[in-house]
Amino acid sequence: MGTGNQTWVREFVLLGLSSDWDTEVSLFVLFLITYMVTVLGNFLIILLIRLDSRLHTPMYFFLTNLSLVDVSYATSIIPQMLAHLLAAHKAIPFVSCAAQLFFSLGLGGIEFVLLAVMAYDRYVAVCDPLRYSVIMHGGLCTRLAITSWVSGSMNSLMQTVITFQLPMCTNKYIDHISCELLAVVRLACVDTSSNEIAIMVSSIVLLMTPFCLVLLSYIQIISTILKIQSTEGRKKAFHTCASHLTVVVLCYGMAIFTYIQPRSSPSVLQEKLISLFYSVLTPMLNPMIYSVRNKEVKGAWQKLLGQLTGITSKLAT
């Protein structure tokens, strides 16, 4: 198809969740509170890990990276969504839309790879505890973290460039809460079959490969736990992985449902709700999951609160 006489869009319009003003105001308040809790919760986790020497281990090094990813991911979507909820004209410039797609897609990919890395860390901790400190040394942890960030970013850059080279013509209405990959691809006025195949292949590489590594890790972990004779030992080993396993189910479950089969994807409303849950709630829930289900983190919280209480008491007297 020739594109010489086509008009190219300079901005997109995000249709969002609702056009009712009262609903939009309610959503604004809800998402603002959620975003504040997300930022506060994740930065508190990072601060806690920095302050407590007992948490200076590979597991919490990766958790620090995960918290940074969660805050960044939420920031790539929620502030723009908040602005649009109170705006009469919900436009987003072409460049801003491309940037949002790049950062949200990249940070999502980084999180998937990080979760696989964290699964490997738990595998070594449970299945080979005597050699844990030798295997999971600082150099390896740094390389694994860098690999996560680079792989997610490179995939996102490739997908963003391919997507925004498509001719969008005059079709500028994105029926989504953000510049989401599949929603933007649907705007193209050419056949996008090859793009959808590229999305599926990319999803398999960056989503299913880490997911398979997570599955293999947990098969070995469960097998090792079942061989432990004492009930107390099994409980301790399971609690070592409980927080990570919960986060894995949340993150991978929704992403697989959304991306692996783009042609047989759910309805637009379902896609919006899935994306909303993944981009708004998951970054908020992750620090809560690690705080509630992890004894070491809870112990560090109690120690920090005790120190703060002591300082407050001294200042009061």
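Every residue gets a Cβ built from N, Cα and C, even glycine.
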- Query: Membrane-wise, does Swiss-Prot list Asp52 and Gly299 on the same side?
  - Reply: yes
- Tell me which range among 7-25, 140-158, 159-177 Swiss-Prot lists as transmembrane segment. 140-158
- Note on the structure: Listed stretches 58-79, 101-120, 197-219 vs the transmembrane segment (273-292), most Cβ pairs under 8 Å: range 58-79
- Query: So, does the transmembrane segment (197-219) come close enough to the transmembrane segment (101-120) to give 3+ Cβ pairs below 8 Å, pairs being at least 6 apart in sequence?
  - Reply: yes
- Message: Is it possible to list how many residues within the topological domain 'Cytoplasmic' (50-57) are helical, extended or coil according to DSSP?
- Response: 5 helix, 0 strand, 3 coil
- Averaged pLDDT score, the topological domain 'Cytoplasmic' (293-317): 74
